[in-house]
Every structure is written in structure tokens, then in C-alpha cells.
Amino acid sequence: PDPDWASYTLGVFICLSCSGIHRNIPQVSKVKSVRLDAWEEAQVEFMASHGNDAARDKYESKVPPFYYRPTFSDCQLLREQWIRAKYERQEFTHPDKQEPYSAGYREGFLWKRGRDNGQFLSRKFVLTEREGSLKYFNRNDAKEPKAIMKIEHLNATFQPAKIGHPHGLQVTYLKDNSTRNIFVYHEDGKEIVDWFNALRAARFHYLQVAFPGASDADLVPKLSRNYLKEGYMEKTGPKQTEGFRKRWFTMDDRRLMYFKDPLDAFARGEVFIGSRESGYTVLDGLPPSTQGHHWPHGITIVTPERRFLLACETEMEQRAWVEAFRKVVDRPMLPQEYAVEAHFKHKP
């Protein structure tokens with residue numbers, strides 16, 4: 001909103017953080033401040049005769065529906081690769097340049113974090129839309145993949161801060177109905193964003209078959225999702241007599257997962273959070289008799305089976321978590337979510 005910068009060679013207005021990215025491609029885009037720099041009359045006329053809508057019509061004329069369009073709140077990598085794809089490589093005016101993510105098949109090497117030792121090692125990945133899977137292999141000559149991730153249950157989200165690399169991508173999939181995380185990156189920013197969009201393309205085509213009547217607008221929000229919230233909280237066990245332990249929590253759609261460490265492969269536990277009409281509520285604070293928590297700002301999640309007691313370090317964190325939980329609880333459940341809920345109820 002209210003961009004203060006402009007590319008006077010492309011004729012578009014841009015925000016401060018994107019102006020830095022435009023500066024890195026001077027052969028395509030030259031940048032000025034709307035308020036602070038001197039403007040020549042010809043440049044002003046050029047801006048007046050072009051503008052963002054005209055640029056969109058020209059440079060975004062053939063963006064595939066599955067391609068992730070970043071917003072100003074997305075990570076630097078996604079914004080940079082979108083700008084480069086659009087203006088420098090002109091991928092959305094020449095569809096033949098979209099091959100890396102639209103072909104339905106992709107293989108290559110990514111640095112993957114080891115599940116037990118935390119070291120990043122080069123691993124071969126193969127995405128095949130025909131088989132509906134993403135696989136990775138522990139050795140180049142391995143016949144059998146180490147893991148087969150079904151496109152149906154796959155999610156990918158950029159997590160540079162958590163992974164500690166500006167191109168860090170977290171891929172999650174369901175294994176025996178439990179969430180499994182893998183953390184990968186590639187040194188080349190274009191390469192990892194191409195992988196991300198190839199995964200979204202595979203999911204898009206899978207969903208088109210699964211929901212034949214659905215429009216692109218219905219399917220696109222389901223291709224990949226960012227987490228509603230992540231961070232540390234304390235929790236106690238089901239008897240609520242054990243001490244509280246600090247855990248890393250991730251709210252992924254209706255699954256609240258907790259981990260000992262943010263980069264763990266498997267969650268220590270998962271809680272399904274249904275809707276208000278199914279008996280789920282979120283309360284500020286903890287029951288008066290609660291003991292053993294170090295952090296003062298409590299949250300109680302009430303489910304039909306039991307109460308989950310959590311504690312946050314600051315009031316601001318507590319408010320943010322309560323808001324995230326209430327968003328989920330206030331949303332009516334979809335038919336397929338009842339099946340997920342039933343699975344959680346039958347978990348030992």
C-alpha cells in the first residue's frame with residue numbers, strides 16, 4: 001500500500017523493500033524515490049503513460065494459476081524471484097520458459113537436513129505428477145527411495161529464519177496420518193522457487209482431478225499453506241499434574257503440533273482443533289488450581305475429550321495464539337475434517 005518508490009524504466013510504483021530487489025537488476029529496472037529524487041519531465045510522462053495495471057497486462061499475461069504470487073509480507077526470496085521471473089526472465093510473457101515448474105516431472109539435488117544429526121547433505125529428489133509423489137534418495141545410485149511423499153498430503157512453505165538459510169523450504173507430508181517434516185534448501189534461489197512452484201503445480205493438477213467441478217479460484221488456496229502461527233509455549237500432560245515443559249508449537253490448519261525442537265522431523269504430539277459447534281472452545285487463562293508453569297499467560301483449549309493447558313511467556317504472544325485458535329474454532333468444519341477428527345479420537 002502507498003508505494004513511495006518507482007521503476008522509471010518499467011513505469012511501475014513499488015514499495016521500499018521491493019525497490020532494493022529492482023536495484024539488483026539495473027539492466028531491466030532503474031529506481032527512484034517518488035518524494036526524494038529529482039524527476040525529469042520525460043520520466044514523469046513515461047510513468048503517466050504506463051503504470052502498474054499496464055505492466056501487469058504485459059508482464060503477467062500468462063501466469064499459470066498455480067504459480068505463487070507473493071505479497072509484500074512474503075520472504076525476500078519469493079519476492080525477488082517473482083520480480084526476476086516477471087521482468088528479467090519474462091516467464092509470464094513466454095510460457096515455454098515455464099518448463100521447470102509446469103512439466104509435471106522434475107528431478108535434481110537439494111540440501112536436506114538429516115533427521116538425527118541435523119547436518120545438511122545433498123540428496124536427489126524426484127517429483128512425478130504421473131505417480132502423484134515426491135521422492136528422495138539417500139544415495140545417487142539407490143534403486144529405492146528413502147521416502148515417498150504423496151502429492152495429496154504434501155505442503156511446502158518457506159521458512160528462512162527457522163531453517164537458518166535464506167532459501168530454506170519446509171516440506172511436510174502425512175506418514176501413517178502423522179505429520180513428518182523435512183527441511184531443504186538450494187544455493188540457487190531460482191532453483192528452490194522452481195521446486196516450490198512445481199510442487200504447487202502437481203497439487204493443482206491432483207486437485208483438478210479430485211474435484212472436477214471446482215474452479216481455479218477454489219483450488220488455488222489449497223495448493224500450499226503458511227502456518228497460522230508458530231512459536232514456543234509451555235504445556236502439561238493429560239493428567240495436568242506433571243510440570244509444564246517448553247515446546248515449539250505449529251498451528252497448521254486444524255492440526256496443533258508440538259515439537260521438542262523447531263527442526264524436529266516428527267511432532268511429539270498433535271491436537272485436532274475442531275469448530276465451536278462440535279464442542280471446541282478457547283479460553284484465556286488456566287484453571288485456578290493449575291501449578292507447575294513458569295510462564296504467566298495461560299490458554300485453555302477445550303475439546304470434547306479433554307482440556308489442554310498451555311502457557312505463553314508474554315501477554316502479546318498469548319493474544320496472538322488465542323486469536324489464531326479462535327479463527328480455527330469459529331470456522332465451520334468441512335465434511336472431510338470430520339474424518340480427520342475421528343482419526344484423532346481413536347489415536348492411542
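Glycine is no exception: its Cβ is also placed from the backbone N, Cα and C atoms.
Where the annotation comes from TrEMBL, it is an automatic prediction and has not been curated.
Positions annotated as domain 'Arf-GAP' by TrEMBL: 1-100.
What TrEMBL lists as domain 'PH' is 103-204 (among others).
Residues annotated as domain 'PH' in TrEMBL: 226-330 (among others). DSSP states for the domain 'PH' (226-330), grouped as helix (H, G, I), strand (E, B) and coil, give 18 helix, 41 strand, 46 coil.
Residue counts for the domain 'PH' (103-204) by DSSP state, with H, G and I taken as helix and E and B as strand, are 23 helix, 46 strand, 33 coil. With DSSP states grouped into helix (H, G, I), strand (E, B) and coil, the domain 'Arf-GAP' (1-100) comes out at 44 helix, 9 strand, 47 coil.
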